[in-house]
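**Q** Taken from TrEMBL, the feature domain 'Orn/DAP/Arg decarboxylase 2 C-terminal' covers 211-359. Annotation source TrEMBL lists substrate binding site at Glu263, Asp299.
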Amino acid sequence: MLKKDSSLLVDNFPSPWNAQSLKEAPSPSFIVSETLLKRNLEMLKNIQDRTGAKILLALKGFAMWSVFPLLQNVLHGVCASSPNEAILGREEFGKEVHAFAAAYSDSDVQTLLPIVDHLLFNSFNQWQKFKPLLEQQKKDIEIGLRINPEHSEGAVAIYNPCSVGSRLGIRLKDFEKGVKDFGLSGISGLHFHTLCEQNSDALARTLDIVEQNFSKYFKGLKWLNFGGGHHITREDYDVDLLCRCIERIQNKYKLQVYLEPGEAVALNTGVFKTTVLDVVQADLPIAILDSSAPTHMPDVLEMPYRPNIFGAGDADGGTNVKKYLYRLAGKSCLAGDVIGEYSFDEPLTPGMSLYFLDMAHYSMVKTTTFNGLGLPDITLLKEDASLKIIRTFGYEDFKMRLS
Ligand SMILES: *Cc1c(COP(=O)(O)O)cnc(C)c1O
């Protein structure tokens, strides 16, 4: 007798997820929920309605362009970190396209100029270098400078633009020198991005420093961009404090405030479905999945972090340890292709599917075909509970990246 369905864990999945659609989804695949995206958008819309701030989508974190028509209803545009992202934004999102990069090549700027509305520079040198090109441009592009407030809110070092030695943003000392040498004529706004998955108290403290050090330069500017890293759609996020921060700047200095979250737009809106291929015995039982950490969930190794799995308990030593303990590992040849240790109510067997939670952001934008592994399919769980397979990938996607 077949005891249980091979994806038994989905039966208790909270709405809007439903067992049927999850079982139907290919493996491995990203499954993004339209309903949950709309829920996040509603929260972002509320902030815009209350304050008049403009919120952009940071494409670096989430660029599933098939859902851009949905996001367009609320968000004012995109912020791009490269010409490719800017082109995608222009083609598929429209509205405002902002671009920032730590440095631009000549061809980057040539590509960006006809596309962008805001172009942000990371140094006075780069701004000066491209100034003649900017002046030739007939289109009205607003130019901004990224500042480094030199105030760290304790993000992990690789995600902390204010860590010692950071190349991101112009520091006060260099800003003062830049203004002395070149002035600020032609600059429409300033930009800072210093947070990562943080609440609005971190923003408030950062903003105090920005105001203290840079508000003397606000005169004549049109906008101040607060960057991303605001975990707005997280349950415990203090929206009121964010709104007060925005209003303070807008009222006091008559500046338009921009926010450009990536993660917050797609937070908790998607899962990653993967299936157990084999279970081997090493020092502990290891379930080998049809996916892999470096290729399908690189942040697991890069950040690093341990993603939650629906229905799974902690590793040994945790507070919620279930009966059957496993290490989950990927099918690549990388020895370190380990996702983490988890416990389950029942033994894992080949064919069983697992669902990693909160996998919409910084996931499909980061996948690779290392080892020749196939990219996970991209699917959408529609509001009517039907599943739409948006894109499947194959051999050509691997071959195309090589020659
Ligand atoms: C990464 C990044 C963002 C988005 O950050 P999230 O943490 O995804 O909100 C916004 N602006 C800039 C300049 C970035 O580098």
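Using N, Cα and C of the backbone, Cβ positions are placed for all residues, glycine too.
Automatic prediction, not curation, is the source of TrEMBL annotations.
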**Q** What are the non-local neighbours of Glu263 (substrate binding site), defined as same-chain residues 6+ apart in sequence with CB under 8 A from its CB?
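**A** Within the chain, Glu263 (substrate binding site) has Cβ neighbours under 8 Å at Gly61, Phe62, Glu197, Gly228, Gly229, His231, His361, Tyr362.
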**Q** Over the domain 'Orn/DAP/Arg decarboxylase 2 C-terminal' (211-359), what is the model's mean pLDDT?
**A** 97
**Q** Where DSSP helix means H, G or I and strand means E or B, what are the helix, strand and coil counts for the domain 'Orn/DAP/Arg decarboxylase 2 C-terminal' (211-359)?
**A** 34 helix, 44 strand, 71 coil
**Q** Take the Cβ of Asp299 (substrate binding site) and count every other Cβ within 10 Å, whichever protein chain it belongs to.
**A** 15
